[in-house]
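S.K.: Got these off TrEMBL a minute ago, pasting:
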REGION    1-22  region 'Disordered'
REGION    132-159  region 'Disordered'
COMPBIAS  147-159  compositional bias 'Polar residues'
TRANSMEM  260-278  transmembrane segment
DOMAIN    269-563  domain 'Calcium channel YVC1-like C-terminal transmembrane'
TRANSMEM  285-304  transmembrane segment
TRANSMEM  324-347  transmembrane segment
TRANSMEM  399-421  transmembrane segment
TRANSMEM  459-480  transmembrane segment
REGION    602-632  region 'Disordered'
Amino acid sequence: MSLPPTPRWPAEEPEVPEINGSDDLGELVRKLSFYIVQAITLPHSFEELRTTAPARALAPLVSYLSDQCHHRNIVHALLALKAHFTTLEETSDEPGVNEARGYACEYVAWQFLTSLTERDTIEFLLYEIQPPPSPSDRNSDTEQEQDNGSVPVSESSALLGSRRTSSYFGTDSVHAGPMASSAQPDKFTAQFENLSALEIAAVSNSKKFLKQRPVQKIINGLWRGDIVFWDSLGVNSIKEPKLYNPRKADPFCRLRVPRYLKIFETLYFAIFLGLYYIVLTHRSFSRVTPAEVLLYIWIAGFAYDEFGEFNDAGQLSFYASDFWWTWDISIVVVGLIFCVLRVVGLHLHGDASTDTIDLAYDVLGLEALFLAPRIFSLLSLNPYFGTLIPCLKEMTKDFVKFLSLVVILYLGFLTTFVLLARGTYKPSEMSWILIKVFFGSSYLGFDVAQQISPYFGPPVMLIFVALTNILLITSLISLLSNSLSKVLEHARDEYLFIYSVYVLEASSSNRLTYYLPPLNLIPLLLRPLRLVLPSERLRSARIILLKATHLPFVGAIWVYEKLFHSQRPLSGILSMSGPEITMKKGLFRSSIQPARSLAAGLRASNDGNGSAPGKTSVPDRILSRPGQADPDPQLRVLVSKLTMQVEELTSLVSHLQEQREASMAI
């Protein structure tokens with residue numbers, strides 16, 4: 001009896017693509033797609049890609065990209081390809097395969113970043129894809145989008161236009177010819193124009209990529225303002241990611257730091273809520289009070305700021321990736337309805353005016369449903385609350401889906417009970433009775449069952465109570481529990497994704513001058529001057545106006561940074577680590593970044609300092625790799641402290657084991 005043959009790794013490995021510096025994004029995606037499709041043929045998780053056979057298949061590509069590839073769009077192409085595979089997974093005949101290929105793209109992009117220095121990582125992650133020269137028939141569209149620097153892409157537009165595009169990217173047949181229509185790839189890559197690699201990662205839900213330490217170091221640098229896109233305010237200023245230099249940078253550029261924006265946003269909502277309470281407490285039916293005027297200004301400033309954020313996002317999917325966007329839109333809509341009803345009520349007379357104004361204040365009362373939680377949005381950047389918000393989001397989605405089944409059953413029983421109770425209960429009364437029964441008042445249903453129908457009332461009501469209070473409620477609880485457990489398995493990924501999306505939305509604006517609401521209404525008055533003034537003079541006027549109106553905010557930031565740096569000097573401008581605040585035992589850590597482990601820090605340091613043979617130059621810049629310097633004295637102290645803590649922990653565990661054995665012996 002012969003033994004079955006031992007499985008072996010295929011001798012033929014995928015051919016590593018040759019990437020040239022002149023390749024555009026579409027060509028990069030096409031070349032990478034053929035390799036990924038050949039290398040990944042079975043479903044795998046992201047963790048499996050790091051340890052199993054697919055990791056060996058991806059190793060040649062990672063080595064080639066790290067040693068010989070200098071293309072600035074390589075990370076963009078990998079993450080765009082991840083979005084492509086995610087779209088194909090929804091209609092794939094092989095469940096999990098395209099998802100694994102998307103994970104492979106994230107894995108390769110992450111491994112590529114580990115071979116870069118911090119300066120190069122900034123450029124590769126924050127460099128925005130520039131649109132190619134437009135044909136003559138697209139000149140008008142390009143000129144229209146120069147103001148906000150984005151290409152309009154609707155949410156309903158498909159990521160891939162046709163099957164031919166899939167073949168072009170190697171997902172239908174890996175042996176498809178290289179010649180394909182360039183119109184389809186252009187349609188695909190146009191969706192990522194004027195987006196950085198981090199923004200593409202947010203749009204494509206590349207959560208595994210965003211949670212990696214090299215990426216989070218850049219995100220933390222953006223959060224604290226160590227990395228900035230604008231370091232000067234001038235007519236000829238250009239948006240470019242760079243390290244912040246306090247000696248050369250304009251202090252008014254600190255208004256764009258996400259950490260300070262979040263603080264000012266919280267203060268803005270606190271004043272907003274105070275004006276809201278004042279207006280509702282002192283209702284006026286005859287005139288508009290000063291507090292109400294300020295409330296209108298606050299609502300208008302918030303609405304205009306939200307509109308600007310939508311334009312800066314470039315894509316609806318990137319704008320909607322923020323958890324709080326529904327709250328923001330609801331605040332604007334409710335405030336607009338209140339303003340309209342208030343104006344109409346003031347122009348009416350008699351009872352009609354009173355009723356309309358009462359309705360307006362009732363509508364304004366709904367504002368608290370969205371405004372009060374919005375004030376505490378700062379907590380979403382805390383690791384604990386940041387993991388609960390994705391859980392709530394997923395549970396809400398499952399609840400809405402389950403609610404459709406409940407509505408179907410409810411309509412059937414409602415129709416039956418209304419017909420059985422004709423002449424006894426009105427349809428509205430019967431509807432409320434069933435709602436009360438559904439939410440637990442089963443005794444009420446049994447009390448009225450005999451009145452509904454002496455023959456069919458009790459048995460039908462018994463069936464309704466059994467379905468709602470036992471079967472449906474139990475099923476709903478089980479469904480929500482499963483949703484909660486699934487999200488908690490990837491709680492850190494979800495938290496870091498929310499954190500990264502907020503930082504990117506707050507820091508990557510294309511506007512030269514950013515006004516805090518409600519001061520953003522002041523430059524709105526200058527927009528008619530665009531018809532008579534040249535753009536340079538209008539931009540100069542906006543800069544002067546910004547410095548005149550935001551001087552107190554910049555002064556507060558300057559004082560805070562002076563006090564902060566005087567208490568804990570930075571290790572250098574190139575410091576890219578997360579916030580490391582030495583605090584006494586019992587105090588809270590930083591609410592934005594969890595404690596940084598020493599082992600992870602050493603791994604990141606080794607990854608950043610590793611040499612890559614052959615990678616010595618870049619066409620438009622020089623890659624600098626740090627040498628093998630002597631260990632930092634501070635690092636030695638940290639290692640010794642960690643060793644002592646490990647020894648103490650080992651002795652503590654041994655002591656606990658001895659106590660447990662002694663108690664069991666007794």
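Note that Cβ sites are derived from N, Cα and C of the backbone, with glycine treated the same way.
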S.K.: Are there residues at least six beyond either end of the transmembrane segment (324-347) with Cβ under 8 Å to its Cβ atoms? List them, or say none.
M.R.: 285-288, 292, 296, 299, 302-303, 306, 353-354, 356-357, 359-361, 363-364, 366-367, 369-371, 373-374, 377, 380
S.K.: Are there residues at least 6 beyond the ends of the transmembrane segment (260-278) whose Cβ is under 8 Å from a Cβ of it, and what are they?
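M.R.: The answer is 225, 254, 291, 294-295, 298, 302, 364, 367-368, 371-372, 374-375, 377-378, 381, 502, 506, 516-518, 553, 557.
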S.K.: Any residues 6+ beyond the ends of the transmembrane segment (285-304) with a Cβ under 8 Å from its own?
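M.R.: Long-range Cβ neighbours of the transmembrane segment (285-304): 268, 271-272, 275-276, 278-279, 328, 331-332, 335-336, 339, 342, 345-346, 353-354, 357, 517-521, 524.
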